[in-house]
Amino acid sequence: MKKIGVLTSGGDAPGMNAAIRSVVRKCIYHDIEVYGIYYGYQGLIDGNIEKMEIGSVGDIIQRGGTMLYTARCEDFKTPEGRQKGIDQLEKHGIEGLVVIGGDGSFMGAKKLTEAGYPCIGVPGTIDNDIPMTDFTIGFDTALNTVIDAIDKIRDTATSHERTYVIEVMGRDAGDIALWTGLADGAESILIPEVDDNFEDIIERLKRGHERGKRHSIIIVAEGVGSGFDYGQRIQDATSLETRVTVLGHTQRGGSPTAFDRVLASRLGAQAVDLLIKGKAGRMVGIQNNQLVDHDIIEALNNKHQLDLDMYKLSKELSI
Ligand code: ADP
């Protein structure tokens, strides 16, 4: 393999830059030419491709977002659209591709692989919703952004004796809600993986209030519904003053944590190693702190598993 391309696709995540840097430097280390493809699959179709040098990825390891930018591209879901991308790869002589993104991006990578272009997927999303990896790039940074916000909300919540409902991201996965809820000692955590008993949440709130608690924090994963709806229902059921904060896209930004930078560096380099070994159609990941790789389709056919023991623990600790 003499020429490798790298792109970021779908939702961005802090740490994607560290992954790009790792792919670029690892290629150059092995005397492989490396090409950055801007704006994901859209840029591939448009030929928005540039040769990267060592210095192209200098001073980005600490930056959020992605220096290659990202896009969603409906055209790439069609065989005609993908053919345009393949034409560009042929034009530049690119023999393999590293795709940094989520499950949608991995499907595109799988289809390109089936069309004869070896691709490796690197899981980059704050949602931590990719099967067969314990962590995705960006998750840890998002957790730290959320707990920083909750700590601040807690200060004002205590001053005013209020119930705070905080809606966090995660798409259909409850990982961000569960981890931040546990990290911040939330009274209740509502996640899509568990059918919550609303009465139980209300009971806990009332019990806490009677015990003299000055504030309560309820974390709602976006996958279970609107934080505003839950806030209204809680206020109606408890008569406690309730405020709602939707943290939104602040969770997608910021300088990546040390954990995400290291994870991204390891996974990006591993993707290049796999391409060098002639592997294709695989995703890289980390399980029990070991680097692993799995067939993309096999991985996506699995369901991402949230740690239900952690959920149980959160309940036990917020009695
Ligand atoms: P994410 O990768 O974060 O899950 P998306 O689901 O939006 O984000 O996917 C990103 C891009 O990947 C899409 O805009 C599209 O270009 C490509 N993609 C998604 N699904 C497929 C598919 N089934 N076949 C080919 N390309 C796909």
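Cβ coordinates come from backbone N, Cα and C, glycine included.
No curator has checked TrEMBL annotations; they are predicted automatically.
Annotated features, as they stand in TrEMBL:
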DOMAIN    3-275  domain 'Phosphofructokinase'
BINDING   G11, R72, C73, G102, D103, G104, S105  ATP binding site
BINDING   R21, S22, V23, V24, R25, R154, G185, A186, E187, R211, K213, R214, H215  ADP binding site
BINDING   D103  Mg(2+) binding site
BINDING   T125, I126, D127, R162, M169, G170, R171, E222, R243, H249, T250, Q251, R252  substrate binding site
ACT_SITE  D127  active site, proton acceptor
How many Å separate the Cα atoms of D103 (ATP binding site) and R252 (substrate binding site)?
17
Of the binding-site residues C73, G104, D127, E187, H215, T250, which ones put their CB under 6 Å from ligand 1?
C73, G104
Below 8 Å Cβ to Cβ and six or more residues apart, same chain only. Which residues does that give for E187 (ADP binding site)?
I201, R204, L205, G208, S216, I217, I218, S318
Just report the maximum Cα pair distance in Å for the recorded ATP binders G11, R72, C73, G102, D103, G104, S105, no decimals.
14
Can you tell which of R21, R171, R252 has the most other C-beta atoms within 10 Å, given these are the binding-site residues?
R21
Using DSSP with the three-state reduction, classify R243 (substrate binding site) as helix, strand or coil.
strand
Give me the largest Cα to Cα distance among R21, S22, V23, V24, R25, R154, G185, A186, E187, R211, K213, R214, H215, the residues the record lists as binding ADP, in Å as a whole number.
57
